[in-house]
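Handing you a structure now.
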């Protein structure tokens with residue numbers, strides 16, 4: 001959980017520090033947004049190749065390696081004095097994260113009985129969601145008061161702690177063994193639907209959310225000091241979503257994916273339509289947090305269920321799909337920002353999630369009942 005918290009905090013930290021980094025490094029706002037784009041593209045491109053290249057390496061060793069890279073890259077970010085150095089450090093961290101989630105999910109699930117897969121994924125998601133609830137808001141606050149490099153210094157320490165814990169606690173097991181090595185109910189069509197939903201949800205969310213700081217200050221009229229508390233609201237809602245959906249993942253896996261995608265669509269449309277009204281912004285931001293975290297969690301649980309082959313490869317494919325969506329969303333937001341302004345990016349993002357709902361609906365009506373019945377009977 002600590003490693004998940006640190007990686008997710010690192011990934012999303014620039015979202016709350018766009019203005020600070022832009023001013024300090026003297027680069028356009030959109031260029032700082034590309035720190036998210038480049039991160040997502042790197043994870044998307046390298047997740048599968050790295051997962052396949054390390055299939056014969058014990059999970060304990062792989063996790064130790066990626067956490068070591070996280071520590072070094074976070075330290076480089078903390079010391080960065082130029083945009084190029086910061087970008088290079090971000091890309092190195094992204095390479096580590098590309099492999100982290102591919103290995104962490106199967107490694108954690110393999111420590112528990114098959115019937116508890118969903119609950120284990122839920123617990124891992126708590127670590128990631130805590131990054132949204134605490135890591136990013138705290139990092140934003142610290143960055144505003146002590147300089148944007150300070151949060152990366154803190155993440156360096158947390159990454160080192162996670163590295164020590166992983167080395168001390170994880171067993172060295174032979175890859176490809178145990179119930180978690182393969183999907184519980186292989187389904188190629190269902191797997192494709194999950195990947196498409198993951199990618200479209202990520203695209204929709206990050207088309208607008210990449211520029212949430214600008215949205216809150218320029219559209220909703222909040223002060224810069226209010227951004228951290230508002231991101232905290234988003235994060236607490238994400239934790240609430242995880243807490244509500246996690247216990248149901250083993251019984252209703254497809255439903256727990258469809259409902260959050262629908263809520264994400266409503267939230268993004270609400271921010272576009274009424275983002276200038278402060279109380280509406282707060283409600284819609286909370287709804288967005290309530291939705292986005294469970295989407296990622298449910299997709300991860302479903303991938304471990306319907307994987308047509310090794311789960312490491314399947315999880316890597318899902319990670320690639322999500323981060324392709326993140327990169328495409330951030331890129332789309334950056335390209336359309338001059339055309340539709342920051343408010344319009346949420347409308348464009350909502351359209352992507354509508355497409356996700358259309359693709360997901362047949363699976364919920366058809367594949368889902370069979371999968372959910374098997375889960376309940378098991």
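One is the number of the first residue shown, and numbering goes on along the chain from there.
Cβ from N, Cα, C; glycine included.
Note that TrEMBL annotation is computational and uncurated.
Take a look at what TrEMBL says about it:
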- 1-368: domain 'Major facilitator superfamily (MFS) profile' (DOMAIN)
- 27-50: transmembrane segment (TRANSMEM)
- 62-85: transmembrane segment (TRANSMEM)
- 91-113: transmembrane segment (TRANSMEM)
- 120-142: transmembrane segment (TRANSMEM)
- 148-170: transmembrane segment (TRANSMEM)
- 191-212: transmembrane segment (TRANSMEM)
- 224-245: transmembrane segment (TRANSMEM)
- 252-273: transmembrane segment (TRANSMEM)
- 279-303: transmembrane segment (TRANSMEM)
- 315-340: transmembrane segment (TRANSMEM)
- 346-364: transmembrane segment (TRANSMEM)
Near the transmembrane segment (91-113), which residues from the same chain, at least 6 beyond its ends, have a CB less than 8 A from one of its CBs?
3-4, 7, 10-11, 38-40, 42-43, 46-47, 50-51, 54, 59-60, 62-63, 65-67, 69-70, 72-74, 76-77, 119-121, 123-124, 170, 173, 178-181, 300, 304, 311-313, 315-316, 319-320, 323
Same-chain Cβ contacts of the transmembrane segment (252-273) under 8 Å, 6 or more residues past its ends?
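For the transmembrane segment (252-273), the nonlocal Cβ contacts are 118, 194, 197, 201, 204-205, 208, 215, 241, 245, 280-281, 283-285, 287-288, 290-295, 297-299, 301-302, 305, 343-344, 346-347, 349-350, 353-354, 356-357, 360-361, 363-364, 367-368, 371-372, 375.
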Short question: most Cβ pairs under 8 Å with the transmembrane segment (62-85), which of 27-50, 148-170, 224-245, 315-340, 346-364?
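Maximum Cβ contact count belongs to 148-170.
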Would the transmembrane segment (224-245) count as touching the transmembrane segment (315-340), i.e. at least 3 C-beta pairs under 8 angstroms with sequence separation of 6+?
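Output no: the transmembrane segment (315-340) is apart from the transmembrane segment (224-245).
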